[in-house]
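The L-serine binding site annotation in Swiss-Prot covers THR229, ALA230, GLU231, GLU283, THR382, and the record cites sequence analysis as its basis. The annotation ATP binding site is assigned in Swiss-Prot to ARG260, THR261, GLU262, VAL276, GLU347, VAL348, THR349, SER350.
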Amino acid sequence: MLDLRYIRENAEAVKKNCRDRGVEADVDLVVELADRRSALIRELEGLRARQNQLAKAVAKERDERSRGRLIEESRELKGLIPRREEELRGVEERLAEEQLKIPNMTHPEAPVGRDDSENVEIRRWGEAPEFGFEPKDHVELGEALGIIDFDAGAKTTGSKFYFLRGEAVLLELGLVRFALDLLAGRGYELAMTPDLARDRMLLGTGFVPRGPETQIYSVENTDLSLIATAEITLAGQLVDEIVAEESLPRRFAGLSHCFRTEAGAHGRASRGLYRVHQFTKVEMFAFTTPEQSGEMHEEMLSIEEEIFRTLEIPYRVVDICTGDLGAAAYRKYDVEAWMPGRGDYGEVTSTSNTTDYQARRLGIRYRPEGGRPRLLHTLNGTAIAVSRTMIALLENHQREDGSVALPEALVPYVGREVIGPARR
């Protein structure tokens, strides 16, 4: 959420930012509502002060006629103040609703574009493998190896759910432990978060928990929703807190299941594990001072790249354009892995610097030594999204006999060098 004073003082820049992002937000209405709220607050302060003056004056006044006039004025105020308070509540609710529609400002070097087709490639690592045979995609590999069962998932739960079986279970656990070990070695605090969060935490991090546009599963008759990412719970753990500056930056590696409705997702690009309703993810999250956040963003990106280099998976890094940033991100990078099954790159990680956008919504501040509390910055980044990483790993490391050779770094975590054909 942007600061109201900033919106007032930079209304034209905020409007341009909304246009660049393709976001419909009424900046003028927000300014108008903010001004009306300020006017109502001042009016109420004056009315309450006058009410207190009248109470004292009535107690002192001995002239009955004058006393009657004072009592009548006090009675009028007694009716007027609740009406103004009700009006203020309505204005504040509308202001909060409209203010939430305004996205974060954008890094000046982020590319301007309408959608993901205008994201800008920064660099590549690795070469797409050249197979001396007709390669299979991960769905064909998973079924042939007996390790991914989409039919059982559809039967028990619905489409876009799946069972992992046998060596795929070991592979998921190995990927998770590999990522956690790497992050622990870089000073990240390990956390296993709840899979549910209060709606305030979702709204605070920029997600829409309810309504027709939501990608979130919510729990009926509660203020709880299934999380789409541990970013939500990791950010929410410090809601309404003030932390010491010397404790920053704080880095977390959060393990959780993630749940997404993936409404509207279809087509070959969404095949198999690419867009599913539930998956496991290790998420990086950091609280920093404003001065630290740029460097932290680059650190998270470098870790994401290191993970995919270590897994020997070709990838490219893209700078996300304004139309694809989402509400909270000031700047965002994606790592896209080469996926032979689609003959193209597919997103496997994202990392975003959300500056103070989430912190303002969640009331998270830090106190500089000897100073007043200030809003801190928050950042997030995917370490391992298991389902998509599994796609890239199976497809890039497949062999002609239908087996999959695991990269050397994963062997100790999975306990084998090769995932072989299913034994019947």
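Cβ coordinates are placed from backbone N, Cα and C, and glycine is handled just like the others.
Keep in mind that what you see is a predicted model, and the values were worked out from it rather than measured.
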THR229 (L-serine binding site) and THR261 (ATP binding site), distance between Cα atoms, whole Å: 13
Including all protein chains displayed, how many Cβ atoms other than that of SER350 (ATP binding site) lie within 10 Å of its Cβ? 22
How big is the gap, in Å, between the Cα of SER350 (ATP binding site) and that of THR382 (L-serine binding site), rounded to a whole number? 6
At the Cα level, what's the spacing in Å between THR229 (L-serine binding site) and GLU347 (ATP binding site), rounded? 15
Checking your reading of the structure: which of the binding-site residues GLU262, VAL276, GLU347 lie inside a 10 Å Cα sphere centred on GLU283 (L-serine binding site)? none
When you put THR382 (L-serine binding site) at the centre and draw a 10 Å sphere around its Cα, which of the binding-site residues ARG260, GLU262, VAL276, GLU347, VAL348, THR349 have their Cα inside it? VAL348, THR349
Go through ALA230, VAL276, VAL348, the listed binding-site residues, and name the one with the sparsest Cβ surroundings, counting other Cβ atoms within 10 Å. VAL276
